[in-house]
Each structure stands twice: as C-alpha cells, then as structure tokens.
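Take a look at the structure set out below.
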Amino acid sequence: MIIIQQYYMVISSKHFQKQASSLAQMTISTALLSCDMFPVVEQLPTITAQTSGSFIALPFDENFLFKCEAKGNPRPTYRWTKDGMDFDPHKDPRVIKEESSGTFMIPNTKGKVKYQGKYRCYASNKLGTAISEESEFIVPVVPKFPKEKTEPVVVTEGDSVVLECDPPQGTPPWQMYWMTNDLRHIEQNERVSMGLNGNLYFSNTLLSDSHDDYCCFASFSRIRTIVQKPPMALRVKPIFILNFYSDFGPFLFIPPSVQKRKPNILVPSSHSTTYLKKGEELELECIAEGLPTPVVEWIKMLDSLPKRTQIKNYGKLLTIPNLTDQDEGKYMCKAKNDLGVAVHHFHVIVEEPPSWQEEPVKSQLAEIGSDIHIKCSAKGKPQPTITWKRNGQPLDDFPSTNYKMLDDRIIILRAEQKDTAVYQCEASNKHGTLLVNTNVLVMNHPPLILTPNYLEYATMLDKSVIMDCKVFSSPPATINWRREDPEGSLDGERYSLLKNGSLLIHKVEMEDMGQYKCLANNSEGTMSLTTELFIKDSTRIVKPPQDMKVKRGSIAELECQVECDPTLRRELEILWMKDGMNILSNFSEGYFTDDGILQIVNVSHSDQGNYTCVVRTSLDQDTASAFITVLDVPDPPVQLKLTDLKDRSVRLQWVAASDHNSPITEFIIQYEENHWEPEKWKEILRVAGSQFSAPLTLYGHINYQFRVIAVNAIGRSRPSMPSERYKTPPCAPDRNPENIKIEGHLPHQMDISWEPLLPVEHNGPSLEYKLSYRLLGVEDSWKEQMVKRHSFVVRDTPTFVPYEVKIQAFNRHGWAPEPRVVTGYSGEDLPLAAPEDVSVEVLNCTMLRVSWSPVPQSTLRGHLGGYTVHWWQTQSLLTSKRIPSERQSLTISGNRSHTMVPGLKPFSEYSLTVNVFNRRGNGPSSSPISFTTPQGVPEQPPILRATNFQKDSITLVWAPPHETNGFLTGYLLQYQTGNETLGELKSVNISAPDTTQWVLRDLQEDNWYKFYLSACTQVGCGSAISEEGGTVSEACKPTDNEIHSLLFSLWIFICSPFINLTLSTFLTFQSVAFHYHRYHLFLLGCGLTLSGYAVIPSGDGIWQLSEALNTSKGFHLVEGLSPGTVYTVRLQASHRVDVPSIFEEVFKTRKGEKLENLALPSKQLMASQEWFVVMMCTVALLTLLVLIGCFVLKNKGGKYAAEFDSFFLLFDSDNDEKPLKSSHQLFTDIKADDSSEDSSVMSEDDDCEFNEDGSFIGEYSGYKRRVSTEVNGHAPVTS
C-alpha cells in the first residue's frame, strides 16, 4: 500500500508562497504533468465543505441545506447522526440527496418539525473517518399570548404600578410595543417606560393614566409575526374629599396632598451578576419608582464608563456594544429625587468561547517505529474541556498499549501502520465547541518528486529566483542541487536550500543561466529532476510622465514609454494608477489609454492627483509617477459680513475659498439695490487678492446688498452669495449735474441740456434741478427755473449772444453744493458776407493755390466753421467745345485764408468761388474767377502689339492715348534685347503724332526683344507701355506676303454618321484638322508645333496627358477609349514667338460593336485624306481673296464695308454675343496693367477692325486679350 501524506505538500506550498512573496515571479512553460505519472495512492478522508452552527427554519425560506463534502482515496462514504442517533437521508423520501457527496436538503414543507435536532456528518474510507462540526436545525413555533381575562388594575394617584406583558417565547429578534386599541402608542418618558422584559412601569401615576385598553404587542420580524395580549385596564383613584356637619354647619375636610416618597428600585429586584460572551452587547436596566419621578445615573466602579457606552430609555438602560475583557467589572445605577437615593450594583463577567492557543496540525506523516505527538491546546472562559476521538469514536473505545494521554495531547509510541487514522480533538465550554481532524499516516516510502520535470524558470539580473523541488518521502529525503549545463557546484552565499527542498538564488548573474538538477534520496530510494534557468532584460520606463498643470475642461496627456526584453513584449502590460487605484477599474469615465499614453478629457477637479504608470511582465515591473495639478477659476468667496455700519459707509468682510491652484489676484465687489434697478449688479470697488475686507462709500436712501467675485489668472469665480441688506438714510445730493451743453438750434432761442444724476445719486426722494441763466456782462440778476427733466429751452433770445448758466440739484433733504457757472451762446444764423480778395496761383498743370480775406466777425452770426472752395471745368483748350459744369468742392475748417486745390485737368479752363460757413449753414459765395491750367504729359497708350515677326524686323502697332493733356507732338519708342539678361536700351523718336505703327529694322536674327512706347507733348513724355516679341530664323520665315493675322474655320467630323462642328482659332499661316473615327482619334497637323494633347471622360475630372507630339507624322492615335462614352479632347499648339493656345472639342464614341467591324478600310482612310486636302485648298483660296480685298481697300484709304466686317465677325465666335458652339478657350482674369507676356499676341476677342493704315487693332476702351493656359500634370482644367 502506497500512501501519499499531504502534510508536506501543505507546508511546502505555504512555505513557498511566503518565500516567493518577495522574489521574482516564475514563468513555467512546461505544462504540469498529469496525475497518471504518479502511482495510485491512498489518502485519508478530509472534510472540504460542511454546514456548521445552527440555523432556524423560517417559514419563508425555500429549502434547508446540510452540506458535507470530503476528499480521499478511496472515495469517502458518508453517514449522518441526529441527536447522536444514526440518520439515513436515503431512507426518507422527502429529503433531497446529492449522490456525489453527503449533502442533503430538507424541503420547507409541513411536518418539518420532526427534523429538528443536532446533526453531524461522518466521511469514511478504509483508512479512517473524518467528522464534521455539529449543526443544529431549529423549527420555530408561532408564538401566542395565552387567552386569559385580566382584572382591572386599581391604584391611588401617586402610587407606582407595573403592567405585565409576559410575551411568549419566539424566534429572536423580537420587539415589544405598548399601544391602545386604536394603535396609538403609549407615551413614554422618565415616569412611564417599558422594560426589556416588555412590562410597562409607572414610577408614579396620574389621573390621566386611567385607560381601559393598554395592549402589549410582540413583533417577531424573522417570522413576520405580530401578536397582541388582551387589553388591560388601569384605574387611578383620586384622593377623597370629606364633608363634615357640626353645630356650626357643614365642614369641608381636604386631606394633605399626595404623599411624596424616596426612590425604590423596581428592576432588577435583587443583586445581579451578568455573564456575557465577548463581542456581544451588554444591556443593564435600572427602573425605579418614587415621587417625584427619580432620575437614574450610571457609574462603573473604580473606573470610567467606556466611550462606546450609550444611555437609552430616558436614562434607565445602559448599553455597551462589542463587549471586551476591559468592560468586565462592577457597575452601579443610582436613582434619586428630592427625598433620597436608591442604588443597585451589577457584576458583569465577560466570557469567551473556545479558541486555539496554537493551530493544531491537521496532517502528520511518520515513519514506522517513531513516536507521534498530537497536540490540542485551547483557551476560553470557562476553560474548555478537551475530548479525543479516533475515526469519530471516543479514544477510550480503542484499547491500546502504545497510547499515552496527557492534558492537551496524546502520544503514540512506536507507531505502526495500523495506527494510521483520523484523530479528532474537541474543545468545548458553554459558549461553543471547536473541532479539528488530524490525519496521521504511518508508512515508509522512497522519494517521490512532485514538481514536474524540465520546468523553465526566467528572472532578471540582480533579482532572486526560486526553483522548486517538492518531495514526498518517508522518512524525509535529503535534497541536493547541482549545475547540470554547464556542470558545477552551487557553493557561495548566493545559493540557499530551503526547507521544502527548493533552491533560492540571490542576485542572479548572467553566468547563472543554464540547467540545474535536484536529487532526493532516503533509505528507501533516490529520485531527481532537471530544470532550466533563463536570464531576461529588465523592464524599465525610458520616458516617464511629467508633472503638469492643466485647466479644468481641457485635455491632459501623460506619456509613458517603456523598454523590455523582446521575448516578453507580448505579455507586457501598462497600467495607470491614480492615487494608488487602478484607473480603468475605478475611474473609467473620461480616461483613455493607448500604447502608454493616458488621455484625460474634460479635466475636472477630481482628476487632480498623483498618476503612476505601472509597466509589468510576469517577471518584473517598473513604475513612474507624475502629479497633475488642475487649474480653475476660484470658488466664490464665503461668509460675507457687514461691519462698521455708518450713514454713508460700511465695511464688507469675506473669506476667500479655494483658489484651485492659481493665486487670487483681486476681488471685485458688486452691489445691487432693489428700488431703481433691482436684480442688476454693478461694480463698486476692486481690491487686491491679499485683502479680505474693504470700506465702501455709499449713496443715501439706497437699500444695498453686496457680493464678491474672486479673480485669478484663469478667470473670474462665480459671484458669492449676497450679503445681508443695508439701507442708508436719505440726505441732500452730493453733486450737481455735469456736461452742461448750451446750443442754439434756432436763431432766437437757446437749448440747455445736461447729464442728469444717476438714480442712485439722488440720495433721497423728489429730485429736481434749479436752472439759472443771465446775459454775460449785461444782466446782474439770474433768471431761475425748477426743472425735473435734464433739458430746457430759453426762447426769444438775441442771435448769438453769450449767456452764463448754472444748475443745482435739490431733493426733499436739501440742496447740493453751490454749482459752477458755464458760458454759452444763444442760437446762430446764416453768415451775411462773402469772402473778398479771392485770388488764385496756378502751380502746375494739376494744382493751384487759392487765397482770400477772412469774413468780419460781425457778419458771421455764429461760430466760424470754416470756408468752402468750389471749382468746375468750363472747357478743354484742345477743343472749342464747352464742357457741362461738374462742381467740385473742398472744405477748410477753422479760420484760414488760403488752401491748395489738387486734381485739376491739364490744359483746361476753370471757374472758382469761396464761401464761409458756421453751424447754421453756408454764407453767400464770392464772385467767380476764371483761370487756365498749362499743358501736361500724355497718358500711357492703351494698347501696344508686336506683329509680323521677320528675320531682322518686327512691326509694332499701337493706339493713341485717351488723354493727351495737350497737343500731341509724337512718340518715344525704346527697345532692348531680353533673352537671359537685358541689353542696351535704344530709342527711336517718332515725330508724327498720328503714327500708330512702326517697323523696327536691323534687328538681330532669332532674338527676343522688350519694347517701351510713350506719347509726348511739348512738356514731355508720359508713362510707357511695354510689349515683348522676337525675330525668327530663316527656317521659320513665312511667305513673302505680309499677313498680320488669319482667321479660318476648321471642320471636325465623326464617321458614320457625319457631324459638322466649327472650331475657331487664331493662328499665323497654319492649319490643323481633327479626325475622329469610332474608337480611334487622329490628330493631323501642318506647320504647327503640337506640344501635347489631353483627353478626359466627360464629368470624370481627371485628365490624361500625352507626351510631346511628333508633327512630322501628321497624325496621332489615341487608343483605349470606352464605347458609348462622352470625351473632351484638348490640343495645345505653340510657336516660339507666340504663347501656347488651347483648343477643345467634345465627342462621343459609338456603342459597342465587334472589333473587326470597327476597322477603318484603307480606301476609306485614303478618301478621307484626299477630302481633307481639297478642303484645306479651298480654305487657303478663300483666305487669299480676303487678303486681296483688304489691300485694295487699304490703298484706297477708305473704311471696310459693313459686309466685310460681318464676314470677319462670323469667325469671331468667342465674343460676348456669340459664344463658342463646339470649342472652348480657357481664360484667366485679365489684369488692368499690360504685362509683357500677355501682350505678345493679339486677342481673338478683339473687335476685328483695320484702320486706314491697314493695321489690325482693337477698340481703345473695353478691349479683350487672349490669355494662354498651360495644362500641367493631372490637374483638372475647367473649360
């Protein structure tokens, strides 16, 4: 028989846990070996679950469970005893059993009274028997008062009386009440009270105590029952009054008043000793009778009452909860009144149930022939009695010569295998019983290592590690450890062998990594195991969180970056703690964590605290902390108090509240009054943040209340609660009105207005103003008016004369101080005279100086406002035409006699007048004077174009300036090369003023030039307009015919069916054609530089761009188009001397057909090419005819015919009246100034008109120009 003793396993486990609590944790990669690896062992039964104590079968419970579970090998069997007799749950069909254990259940049904008793479970196998603690099952009976008839209780007034309740016994807790039949509680006090036994005690009686329905109620809450005793009657008799008759007539005898008496103790009735269990509640009751009603006092002899003491029931009940040994002793109650004292002594003895002095050993393993000691030492009050059992039977029932019993232990001498059993020790006194089962195994067994083989342990450098080697053996085995790989001994202070066989390595070094072997041997045999130790990198925080200050309502972020061993990365855990509590478990709302970052949204005051980042693996951990300080506006001040109350002042005091980590810088004091503007708070004073009181100056006749606002760097606090109100007495006004204004809106009156006093400045009721006025230096006496408004009109005054005015405030309580006097004038009238001696001095062609003599003060009739100069152009000196007058004016404020007039037009005739004005209006104008301005320089020419680019010449075409500002004498033309750097500036003086074109010759071939043109008069030349252009090489030279511009129409068609669309463009002796055919697009060119094309599905928005096209091929093929899809195609054409132009067309491919049907036959393609050649020849012939007509008209010097203009307008399909039908040009915004790039070509939008010279120019005003547009990358282009 092989028996595994569990004692070593329990002790080893506990010892290991105790040792490992301060060491590094282990990781075990190898799974625990199954029990199949160990031989089948037999074990003594051990109780694992049981029902103990007592419980009451309440009627509202469901079932009553008696639990008994045990472990052992073989599996234990169970039996029960009830009140010491065998009880078999399987024989009772009403009992519910569990087959796998000894547990059974008594249902809560009728007839459960028979189950009442004390139960004990026995778990047995062939090795022994374990027993459970005893449990008691109590079935309560519904309590009832006995049915009895009680006689009325009759007493004399002043006597004491007791109404007995005698409640029935029932399930505690229970509670007593005294009420009447109509459920009104009997009033209790020092005279009348209920005792713990339920009786109602009267220390003395009054006539009002007489009632016929004193009812005692008993409430049993656990069984939800209330019972009532039959009503009792109490009759209190009054003292009798006796009438006597004598010879002298009737005689009335009144006995003395109710007899007073000293106190007498009613409860308790005799000397009492109270025994209580430690932890219970002590209740001492002392009820006395007497007249007057006694007062009860409590004392503890030779000591003071504990602080836990409570005095209840009007001083008659002393309670001390959770009784301790220190509460033991003598207590005394003292009842006293005016006639004496009565005392009673209580002896309180505190006892306690049994408890172990030393925890008994629950399992022992002994080798055969050894002595076994089983100790069972208990304490308690009274001292517990020790009872020994073996396998549930009294030890005396087992006669044996090797047992030796002492007071608290037994000794088994020279133990044999038959002594294997479960020994029970019971320690009992009147307060309870303790039971312990001790398993004793007597056997010899070779070492059996319980720790699985080939376990892997991991730890960190400088940490400690425990490697287990748990061994079961008898007698105890000797355990040794050694290095296996590499081999070596384990000598040194860093290596320790624990009592349970485990190896402890202190401060692990890198050399400690490797395999270890544990060897266990005893007299019965030997066994070994192998383990392996790994050293890991430490886990550490490399970027700890930092202390921070954040505003309430904002977002705070704490960052915690960590490094750890790569093999532990998956199990790395980052936790955040706030003030030692896990955030995710306790503060989840408003906190978010992600990869070492803690984010706190909407920070509040509760978020302030110490935050700790905890990073841990199964082997180690690291921590770092930071403190978050929450900043906020201060809390409102508190405890506002008014002191130093005076008629016109008060001192306000307050207490500052929390500043929320930002010092208070100032306090704002506000007031509110409930008469003029109730509930409207106004600021009265500001004081420093270090000041907590302030004197306040007040107005009279105001009912004030005040509040305070604290201010810090974050902002203002909420206002404090208002102070108490304080009303000042009325008084005279403190001041007079200010800002007195004296005006005259009409010639014979004077308007006087002023700023009234604020309502709170009235200082009393019925405020008025006394207005006083008189003529300055003329009148001595004042004219006075009492006014309630804040304005007054004095009528029938002389025009514009000075007055003295003063205003004084008045109320029922007096006048304000003497007012100050202000001076003003009565109403003004229009001036009577015009300025004289007006003269002008022309300074230049656009400015002159005007001067005049001031108007006499006597004719102003008001305050001088200033002078106004008016002028207007009468005619231009270039023509004899009169110009409609457009008056311009300039106002000069103050008393001035000259001014400068700018903005005149050169070479013009003007007229000018001057007038004076005051507040009333303008005076008469002076006589007009005329003057002329000299010639100036012309404006910039509105347009300049470079055309007809030749090998060594360029033709410049321009329009004359709109305003010549004099007689035009010619033009100044300047030019310079502008390839990479600007060359020498050359000039050409053109003396003919009517010239509008010029051919620059002797230019360098294939060069770029910048041109500057300005118009000139006798005075000089004006600002220049610029343009750019370049000469061409011999290869690019056009035909001998000089062609300024050519407009023609291109035909675009889609095969089957044909759709004719028109595309207009501006080119220089060039042609282009588009050829569409089903799914392929052909681009054909002749003499044109094609830099690229773009095609886009309509509405898609993403352009597909080509490479630069090879124009020598004359066509380009676009493939990959989708059937039945609308496309937009754009062709960018450019020339070296022209900016790029973009031409656009929209087409739609045909719907899907078989590919072989869509091929273009070679004959058809050839025919299409021939048709194209014919079409281009026709266009060239028409163009030649048009040019011949132009030259004929030019030689005649006449204008073009209207029909000829119309012909050209047919091609100008991009003007405002005729938008493009089938092609679109891209434009950008046209700036007002002429840039060299924009002006290098003519606009196709210009009105097509030639002048007498045959030059092509646009109209001078409102002309348009074409702007080039480049398509770069894949950006969408808007058409």
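Backbone N, Cα and C define each Cβ position, glycine as well.
As given in TrEMBL:
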{"type": "DOMAIN", "residues": "39-139", "note": "domain 'Ig-like'"}
{"type": "DOMAIN", "residues": "140-227", "note": "domain 'Ig-like'"}
{"type": "DOMAIN", "residues": "263-337", "note": "domain 'Ig-like'"}
{"type": "DOMAIN", "residues": "354-441", "note": "domain 'Ig-like'"}
{"type": "DOMAIN", "residues": "446-530", "note": "domain 'Ig-like'"}
{"type": "DOMAIN", "residues": "539-629", "note": "domain 'Ig-like'"}
{"type": "DOMAIN", "residues": "636-731", "note": "domain 'Fibronectin type-III'"}
{"type": "DOMAIN", "residues": "736-829", "note": "domain 'Fibronectin type-III'"}
{"type": "DOMAIN", "residues": "834-936", "note": "domain 'Fibronectin type-III'"}
{"type": "DOMAIN", "residues": "938-1039", "note": "domain 'Fibronectin type-III'"}
{"type": "TRANSMEM", "residues": "1046-1067", "note": "transmembrane segment"}
{"type": "TRANSMEM", "residues": "1079-1096", "note": "transmembrane segment"}
{"type": "TRANSMEM", "residues": "1171-1193", "note": "transmembrane segment"}
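A mean pLDDT of 90 is what the model gives for the domain 'Fibronectin type-III' (938-1039). Helix first, then strand, then coil: DSSP counts for the domain 'Fibronectin type-III' (636-731) stand at 0 helix, 48 strand, 48 coil. As a summary of secondary structure, the domain 'Ig-like' (263-337) carries 3 helix, 43 strand, 29 coil according to DSSP. Note on the domain 'Ig-like' (140-227): DSSP counts are 3 helix, 33 strand, 52 coil. By the Cβ criterion (distance under 8 Å, sequence gap of 6 or more), the domain 'Ig-like' (354-441) is not counted as touching the domain 'Fibronectin type-III' (938-1039), fewer than 3 such pairs being found. Taking H, G and I as helix, E and B as strand and the rest as coil, DSSP gives the domain 'Ig-like' (39-139) the counts 7 helix, 55 strand, 39 coil. Mapped onto DSSP classes, the domain 'Ig-like' (446-530) shows 3 helix, 48 strand, 34 coil.
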